[in-house]
Amino acid sequence: METPLLGFEPRCPHLFITNSRPSSSLPHSTLSVRTLTATTVVKSPATVVVVAEAPRTKPHSKSFLSRKSAISEIEQSPDFLSSLQRLARVLKVQDLNVILRDFGISGRWQDLIQVIEGQPGLFDWMQQHGKVSDSTYSSCIKFVGAKSVSKALEIYQSIPDESTKTNVYICNSVLSCLVKNGKLDSCIKLFDQMKRDGLKPDVVTYNTLLAGFIKVKNGFPKAMELVGELPHNGIKMDGVMYGTVLAICASNGRCEEAESFIQQMKDEGHSPNIYHYSSLLNSYSWKGDYKKADELMAEMKSVGLVPNKVMMTTLLKVYIKGGLFERSRELLSELESAGYAENEMPYCMLMDGLSKTGKLEEAMTIFDDMKVKGVKSDGYANSIMIAALCRSKRFEEAKQLARDSETTYEKCDLVMLNTMLCAYCRAGEMESVMRMMKKMDEQAVSPDYNTFHILIKYFIKEKLHLLAYQTLLDMHSKGHRLEEELCSSLIYHLGKVRAHSEAFSVYNMLRYSKRTICKDLHEKILHILIHGKLFKDAYVVVKDNAKVISQPTLKRFCKAFMVSGNINLVNDVLKVLHGSGHKIDQVQFEIAIARYISQPDKKELLLQLLQWMPGQGYVVDSSTRNLVLKQSHLFGRQLIAEILSKHHIVSRTMVRSRSEPKFSRGQRGK
């Protein structure tokens, strides 16, 4: 850790620290000149540092005043670089760090990091002149990471000293940057690499990583792996970490695990606060466990904790999930009385629960009551009722409410837009559908999986199959997972309108999406490709999936390929079919051989086929044999005679085998 700024010593009597675990983002040395002139409170997720000015008995030294003046001049200069070069001899590394943090807090991105017209930013200048410390890297990564993850990682990777790269403050800044930008997988990989390189993680490290798993689907197992590492690193869970872990349990519906962590907290002497209890209550909402929820509320009140708005709203969610609609209405009234129902959220929860259990009329009563009371709404209530009306096939009412929503709410989020779009699609309102799509473009709202799914189904229904195909291409290009049932339906309809290549394109998108697809789909696309005479593509399908395709379909493919497929692939096709267990009949061999004979330049392919057949138990029949003999002068009479002789021997062996009487084992012994 660098030396304190301007003579400030951490052990001075005027410094008081509460909950003194060090913060990754604000070690003691990060205090600026401002801390010397006023009482300051510095907050971080794990630290509160209170600095109060102590009465001075001696005036500041000339050196102190010179450095303070230099810092102020550089921070305020429109051309900081010229001021920096002029005053550099006065400043120490910790003074430059103060300026760096000031640039970061003030959002002076260009002055901090960017090189403009060959002139370096402050961080680059500090590197060039060897005036950097651990705190320099930690602070710079923190500020740069808020704007560019890749640049923050570049700074980290550029650190020349390996021991510096495993400094816990620097590592925490990098990991926090990745978590805040939603790059949790990359964060965990880098964390594992940091540990291999020698990082000794602290409580802030684990709090940072665990916070990333709160909203990650199926993130619970990995979060528990991190918790399991704590004892090996000599770290005990504190109230902050328990809160994070409980939130992870709640977001994954792990109520038993949440109960276990609450008990563990108590056993270790921690007193759960309202946020810990709130997470536990939220975990009960997954299964609507209202009995445990009521017990928890009673326990809270017994220790003097008063439920807040969040807890009461969460309890409402538990009751709704548990089907206790009468109690839900009573609780909604309590929320109204307490002033906690000033917005639409609790009403939306109850309306959604009622409508999804077939109580549409009751949901509409809540909706109407909400409007009468003038409850503030951003349109979510309308969205829920539109979806409910669509589920009940009351499309005209859904369409009308969607139009009302468009008029009332100029700005809509993606969920609302999707709901209105769905209503228009279900009602067959093409003009309204196009208007909604235009609105999404105008509002720069990016479509999600649901948007594409709604549109593709609608375009298929309206027989706009090529438009559905283009929409699917767009969906795939955006990285959304394709649904097999929807793709299969589109493939079928594209085949019907003779869009054979497009159907094969959809098949390939689904096939290469790293999932196992239904075997019937291979057969479906094969029929479409045969019908469209796309034999090369059909061969690809057969080659990869012949064992799951029916024999009649393989026979149809083989005959079609022998007649019109690429002659250079005929032998390959026959070998693939034979290898899959398909028995090739004489008609197919006769067609293939006739094609070879009609093109003497394919002599080698004919000879390869004739030589291959006997070894697999195939022989030419009499008519095909005569055809080959008539043209033997084109292929070499002697060679043809030798090959056909082998066919004759195999044929006689096959006839003899069929004519021999079948004996049982006992008879053969006699």
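Cβ atoms are placed via backbone N, Cα and C, with glycine included.
Record features (TrEMBL):
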DOMAIN    219-336  domain 'PROP1-like PPR'
REPEAT    167-201  repeat 'PPR'
REPEAT    202-237  repeat 'PPR'
REPEAT    238-272  repeat 'PPR'
REPEAT    273-307  repeat 'PPR'
REPEAT    343-377  repeat 'PPR'
REPEAT    413-447  repeat 'PPR'
Let me spell it out: take the repeat 'PPR' (343-377), skip the flanking residues so only those 6+ beyond its ends count, and list any with a Cβ under 8 Å from a Cβ in it.
313, 316-317, 320-321, 323, 325, 328-329, 332, 335-336, 384-385, 387-389, 391-392
Sort the residues of the repeat 'PPR' (343-377) into helix, strand and coil with DSSP and give the three counts.
25 helix, 2 strand, 8 coil
Chain residues outside the repeat 'PPR' (413-447) and at least six past its termini with a C-beta under 8 angstroms from it:
379-380, 382-384, 386-387, 389-390, 395-396, 398-399, 401-403, 405-406, 454-455, 457-458, 461-462, 478
Reported mean pLDDT - the repeat 'PPR' (343-377):
94
Summarise the repeat 'PPR' (167-201) by DSSP state, stating how many residues are helix, strand and coil.
27 helix, 0 strand, 8 coil
Just give the helix, strand and coil counts over the repeat 'PPR' (202-237), going by DSSP.
23 helix, 0 strand, 13 coil
